[in-house]
Amino acid sequence: MEELVGLREGSSGDPVTLQELWGPCPRIRRGIRGGLEWLKKKLFRVGEDWYFLMTLGVLMALISYAMSFTVGRVAQAHKWLYQEIGEGHLLRYLSWAVYPIALVSFSSGFSQSITPSSGGSGIPELKTILSGVVLEDYLDIKNFGAKVVGLTCTLAGGSTIFLGKVGPFVHLSVMMAAYLGRLRVVTTGEPENKSKQNEMLVAGAAVGVATVFAAPFSGVLFSIEVMSSHFSVWDYWRGFFAATCGAFMFRLLAVFNSEQETITSLFKTSFRVDIPFDLPEIFFFVALGAICGVLSCAYLFCQRTFLGFVKTNPVTSKLLATSKPLYSALAALILASLTYPPGVGRFMASRLSMREHLDTLFDNNSWALMTRNSSPPWPAEPDPHNLWFEWYHPRFTIFGTLAFFLVMKFWMLILATTIPIPAGYFMPIFIFGAATGRLIGEALSLAFPEGIVAGGVTNPIVPGGYALAGAAAFSGAVTHTISTALLAFEMTGQIVHALPVLMAVLAANAIAQSFQPSFYDGTIIVKKLPYLPWIRCRKISSHRVVVEHFMNRGITTLAKDTPLEEVVKVVTSTDLAEYPLVESTESQVLLGTMRRAALVQALQAEPLSWAPGHQRCLQDVLATGCPVEPVTLLLSPETSLHQAHNLFELLNLQFLFVTSRGRAVGTVSWVELKKAISNVTNPPAPK
């Protein structure tokens, strides 16, 4: 029913609704509405992006802090239950194991019941989206609630499950950015702009990292390295502005809640500032980076192989397809049983939280030297002032517990990555790298108890510095990023180890990138997501590969002089979205493309019969107004593989025509590019 309208008495203006005429206080309401319109124009004069980016950072900081607060309270309740339940081993084991099993099962069941795309990290799928591929419902707002609840339950499982927050929170931030982007379109009244949407998504990825670690600089750089192969400088300030707002609000909330006296780094360290390391130690830092690079290659290969096995094995694949909570509960049962403190868990510091793991591993003191002449007993309960005691056991010593921790967590983390729950995998590998560096640092401090003499001055070795370098190197090698070095500095608030940490990260990346795809690219391979891989081979011979060598020559064209009967046969026998239009069957000069839907509609509108003696052709249909779209970008047969790959990545292309002197000679799509890249990276054996 249409709304009644009228005119005010004595007014010659536009008609107004009767509700406005007869509603209470019409003048006041009109004044408020006009004031809001004026405020909107003034605010958006400086650019509406500022306000939406600030809103994105503040909202994600609030969600991140609320999630951390909730997880902390649940973890405290679990700790209290374990300590107060009694001395019976059965009850203590049940209190230790049932808690994470129930949380992980609920996380898997709840998130998967709402939307299947809420599981896992989310970064591989985001890389696919930013490359131009549309994944249905992946950025839908209903996915947001499922991921928030599922991730909170996952994190509440603690160090037993040993999973993190970064990846899913990046996904959450990008979902919020997509929603705010749609809200911006509605608010400003502008038409939808895909480039504007991508700008918001890239900024959302930076906010996701910044609001987890309170690290805006590394958040932006990490999102650039991981999320996109080409980055627009125009998006740089957007990412920094949103990430800074999010990081500032995240730490400000900790001050408001009396957790901190002022805004400080997340993991405070106290490394020596005057002489943090001696010059000869650079060699050991580079060697540590090489060790982390080799370990990362082994981890990436085993993780990708095991994930593929789980997806293809008849038993596990059926279990994942029919009962994900059951698979999650079984995996959590294995992890909880192995980390039970009175069992083997005592040899890998299982009573510490993931935050306490890092706090202790970054300790300045050498545990090996402190326990060389004394043997402190393993405490019945963790000592808040000496948490490093959890890494020592009289039977194993410091080196035994650190080595056992690395061996066990290596495969336990691989198992945890197969659980279908919202979970991040960056923090676990960061801690694993810190433990690797700590082991090397403790060995060096024992080998050089007085320190290394340099320039006549002897300074003791700081194992915590090696833990910091190991954390940055291993996590950087697994993710193929350099920004983890900056992340380590922002997380700890100290930059005194800048040079050795960066050298360790570079050495680790040099090895990892030469032999294995990154963790996220490996997941893309296993999940078979539509993503264009990098050209890993940089040999001179790879630049000699040109489009002519791998293009698809079986191109279906429609000429102006093609009879309509032939056009109908082509349209009905193929399912192409668009058809190339050429000048004539003989010349094959490309003129443009015709969309299938428009061509079908034009053919249905015109009868095939015509005057006697005249055969209708495609030219007659074009004359009736069938639209022809111009082709603005083409490839030449002499275009190199690297140039074609850069074009596809930079412009998010899916398909291009190949022309020689104007003639259509072939096509190149992702299929041909992937096959060519595979042949260059892994050349086929000669016959």
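The backbone N, Cα and C atoms fix where each Cβ goes, and this holds for glycine too.
All annotation found in TrEMBL is predicted automatically rather than curated by experts.
Here is what TrEMBL says about this protein:
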TRANSMEM  50-69  transmembrane segment
TRANSMEM  201-224  transmembrane segment
TRANSMEM  236-256  transmembrane segment
TRANSMEM  277-301  transmembrane segment
TRANSMEM  326-345  transmembrane segment
TRANSMEM  396-419  transmembrane segment
TRANSMEM  425-444  transmembrane segment
TRANSMEM  465-489  transmembrane segment
TRANSMEM  495-512  transmembrane segment
DOMAIN    551-612  domain 'CBS'
Best-contacting stretch, by C-beta pairs under 8 Å, relative to the transmembrane segment (236-256) and drawn from 50-69, 277-301, 396-419, 425-444, 495-512: 50-69
Highest-contact recorded stretch vs the transmembrane segment (201-224), from 50-69, 425-444, 465-489, 495-512, CB pairs under 8 Å: 465-489
Outside the transmembrane segment (326-345), six or more residues from its ends: residues with CB under 8 Å to it: 89, 92-93, 96-97, 100-101, 104-105, 107-108, 157, 159-162, 316, 319-320, 351, 404, 408, 412, 415-416, 418-421
Average model confidence [pLDDT] within the domain 'CBS' (551-612): 81
Among the ranges 50-69, 396-419, 465-489, the one whose Cβ pairs under 8 Å to the transmembrane segment (425-444) are most numerous: 465-489
Positions on the same chain near the transmembrane segment (50-69), where near means CB under 8 A and six or more residues out: 43-44, 148, 151-152, 155, 165, 169, 172-173, 176-177, 180-181, 183-184, 200, 203-204, 207-208, 210-212, 238, 241-250, 253-254, 257
Composition by DSSP (helix, strand, coil) of residues within the domain 'CBS' (551-612): 20 helix, 16 strand, 26 coil
